[in-house]
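Undergrad: Pulled from TrEMBL, these are the listed features:
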type	residues	note
BINDING	Gly151, Glu152, Ser153, Gly154, Ala155, Gly156, Lys157, Thr158	ATP binding site
DOMAIN	54-761	domain 'Myosin motor'
REGION	614-636	region 'Actin-binding'
Amino acid sequence: MNSANNGRNVGVGHRHGGGTVKAFIQKVQSHQPSLKESLNGEIQAFLTDEDQLHTYDDLTKVNPVTPTTVLQCLQARYSVKVFYTHAGCTLVALNPFQPIPDLYTLDVMKEYHSAPQPQEFKPHIFIVAEEAYRNVKGQLEPVNQSLVVSGESGAGKTWTSRCLMKYYATVAASSSVMKSQDTVERIERRVLDSNPIMEAFGNACTLRNNNSSRFGKYIQLQLDRGQLLVGASVQTYLLEKTRVACQPANERNFHIFYQMMKGATVEQRREWKMNHGQRFAWLPHSEKTLEEDCFHETVRAMVHLGINADRQRQIFRVLAGILQLGNLSFSSAVDETQPCNLEEPTKDFLQKAAELLRVPPVELQMCLRVRTLKAGKQSVLKPCSQAECSMRRDCLAKVIYAQLFEWLVMFINNSICADESTWCNFIGVLDVYGFECFYTNNLEQLCINYANEKLQQHFVAHYLRAQQEEYVTEGLQWSFIKYQDNQSCLDLIEGSPISVFSLLNEESRLNRTSDARTLRLRLEKELHDNSNISWDKFSKEPHFTVSHYAGKVNYQLQGMVEKNKDPVPPELIKLLQKSEDPLLRQVFTDKETESPNSKGLNKVTVVSKFKNSLESLMKILHTTTPHYTRCIKPNPDCKPLTFKKEEVIMQLEACGIVETIHISAAGFPIRILYKNFLQRYGLISRHINSKFRFHHVDAEVDGNVILQQEVEKLLRAALQHKVFDPLHKLESEKHNSWVHCGRTKVFLTQLMLDLLENQRKKIMSRCAFSIQCCWWRYQCRKRRARQRSTILIQAAVRSWLVRKQVKRWNRAATVIQRAWRKRRALLKSLADAELDDAEDLAEEEEQMLDPVAMEKGSVQLSKSTKPVTVRGWPLGLALASAPSVTVSMTARGFQKIMYVMACLNLSSRRGEYKVETNQYTQELASIRAQPRGSIKLHCKRSPLLYADRQPDLKSYVTGFNEILLEKSL
Ligand SMILES: Nc1ncnc2c1ncn2[C@@H]1O[C@H](COP(=O)(O)OP(=O)(O)OP(=O)(O)O)[C@@H](O)[C@H]1O
């Protein structure tokens, strides 16, 4: 908020508290920055559920109501194509900048109209309309209603006003069909048809809006006893008539001129002396095509309103005359005594203009170039300078257009206004310019911003009333006893005896050549006491700065007095009064001709006229029930569904939403339902006061009374244990200013919320610390127990493994022993048997031995007797004799065993080995003879890993190999 607001004196009070509360309020305000800080993060999440922001139908439900949260909520809604949101007693309407299907249809109107509780429906402009309509029906004082639609240019005011009018034209007529269908339909139609006419004449394409209303309007829809629409009346404010003769860069003139240019028939063109392709100086950007350029619609509306063909022709002729005037240009005079001449190429335009305006061309030329000065009863003619001539030309065009517009409004009023006896109530729709702050601002902006200040004051008063009503509903004993709003700013602008307006009027009325610098000095001298005005001492341009509720605006003083005078040379009025055109004659007949020399404090100036009309408007507003609709333009480029935060926040400030937020902050900006409050802060009472026990209460079961008691106890506990620092120390009675318990909600100031949050935070950290300690203790215990268990398990497993191993060894040893013993016994017996047999045989054979062979010393069996085949050798023998060289010396381990087994002629079970021996197959001569030759052992490589390893008890041969080995052994 700007310094205007900072400087504003906010005085609110407690009904029982007295003046000390002021300090508290200042405290609240001084806490505003900390409010934002403290509301970040978790508390923000508690107060506002961001994911649910778009579901908030009312901005006052956003908790806390700060510009940021309000903005977030609006953005969230806009992104899901929800364009209307309540803001307490105000409706915020975001412009979608694209037609939204099914949003304004007849069915929707009927739905809202027939709903028992339209407020329960989604926010819509039709809710506002219906509420106002029901107020009239209910005849609750004040019965008459005012719908104030505000917002900046392009925000959607005209659109909204049209919607409202269509709504009433539909619902206020629907039940009256039986009565007098023709009449009613006609009046509705006429009321609606007034829009295209006024828009054609009063709207223009500007940089900010293609269909910008260049005037303010207040339309009263008149309702009869049965609340049926029987008529309407229009009051207009501050038409921007300068646009006729001077269009800002890249902007256009009023729509009607372009409509004529584009929609005229050949005949009309001839009549209007408007050749095809003719260029008019006052019609820039005529190549641009807008949907507003619909001449036929304007003509149709004129017909419906009763503007007959003749009148239409007159109107368009006059407008064509104005366009011709625009093409006139003057050359500078040779000497000052001579009037300026018209530039040659433009002489034709003067002729055409005179013909169209039905005035003598010579007189027209004279009026434009020569000034008549009154000196007593004598008149003196004074040639005008080139600039003066142009100014007079422009002035003529402006006065004609302004009068024509006024006449049209009057005609419309005559056409749609019901007889006073037929209507008893009205619903007024006010569509005014929004707050304006441009790079250069002059009298127009001063008037517009003054009107906005007036409306803001009215709004604030109304808003405070609404706030107070909520407090009353909630049973709060608290009131805004005094809220000094923007009165000081209004005093600065319009106050008496000294104000900006009064000084401007004085300058204008005294008719002295006013100099902008002198005026600035005068303003400074007279108004330096008012904190709402300031000056930039170093600025070259004479200006003054006003701190409006919506921001600071610099107003240039150059040309302001002249604009305020808005002088119309009397010669021009007289000329027009003499016109043969019935319309012009009629329009100017009653117009007073003021002499520029005339003095007088009652001389009508722009600001005096505007102030008067605004005052009568305010009087009407004060006697009606107001309904505010704030239109917001979400982006400056009029792009569909584009939301620019900076743009919107500025408008929220300008339309006073932020101001109302500040007002709320002066009261109890935070409102929390009891149940939610206890859920969040219940721990305070549990921890601060151990005697106090918070019992969870179900709101549905026990109701708000019990909840309230719980909350009160909790608050008492919180406040008792608050350690105040000396600066913030407040007595207990002042805590009433911090918090109030309503019927369903707790109302909190920011200070109280901070206090509660701090306490909650402290308790939460204590709790967190305790939880951490417990957790660590528990973790340590658990770790230790786990270690013990691990050791135990490890020991048990190890012993089990050892036992298992030992058992296996024992078993294996037993098997081996048994097998070994068995085999040894077998072999022994075999060997013994063989030895016995052999000895017997030897003895027999010895006798039969060949002496030759004996000599040779070789064992040779007799040819007649079959040699004995030794199938196996006793193991001892085998080991000791036959393969002694190879087996005992070279073979080891498994290999050795295999040799042994081969010697023993034990068959290979799986063909792991094959023995090739030159002795075995030979027939032995004698068992005692040493086996000759060598034994070749061919081992097949086993596919089994370690199959060639001797079973080694130290090594871990397991599984199948183990079994194999065991068996082999
Ligand atoms: N509810 C809406 N739905 C769709 N389009 C809209 C709506 N409201 C406004 N618009 C669009 O925005 C444009 C500007 O709106 P409008 O002319 O009503 O603005 P304004 O506030 O009256 O501006 P000004 O003060 O310049 O007259 C309209 O021409 C229309 O296209």
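Even glycines carry a Cβ here, placed using N, Cα and C.
Automatic prediction, not curation, is the source of TrEMBL annotations.
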Undergrad: Three states by DSSP: which one describes Lys157 (ATP binding site)?
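TA: For Lys157 (ATP binding site) - judged by DSSP and reduced to three states - the answer is helix.
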Undergrad: Within 10 Å of the Cβ of Thr158 (ATP binding site), how many other Cβ atoms can be counted across all chains shown?
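TA: I get 22 for this one.
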Undergrad: Name the residues of the same chain, 6+ apart in sequence, whose Cβ is under 8 Å from the Cβ of Gly154 (ATP binding site)?
TA: Asn95, Arg208, Asn209, Ser212, Lys633, Cys638
Undergrad: Tally every other Cβ atom lying within 10 Å of the Cβ atom of Ala155 (ATP binding site).
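TA: Excluding its own Cβ, the number within 10 Å is 25.
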Undergrad: Considering the binding-site residues Glu152, Ser153, which residue's Cβ sits among the greatest number of other Cβ atoms within 10 Å?
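TA: It comes out as Glu152.
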Undergrad: Summarise the region 'Actin-binding' (614-636) as counts of helix, strand and coil residues per DSSP.
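TA: Once the DSSP states are binned, the region 'Actin-binding' (614-636) shows 9 helix, 8 strand, 6 coil.
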Undergrad: Can you tell me whether DSSP puts Gly151 (ATP binding site) in helix, strand or coil?
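TA: In the DSSP reduction, Gly151 (ATP binding site) maps to strand.
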Undergrad: Enumerate the residues of the same chain, Gly151, Glu152, Ser153, Gly154, Ala155, Gly156, Lys157, Thr158 excluded, that satisfy the criterion Cβ within 8 A of the mean position of the Cβ atoms of the recorded ATP site; list them in sequence order.
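TA: Along the chain, the qualifying residues are Asn95, Asn209, Gly434, Cys631, Lys633.
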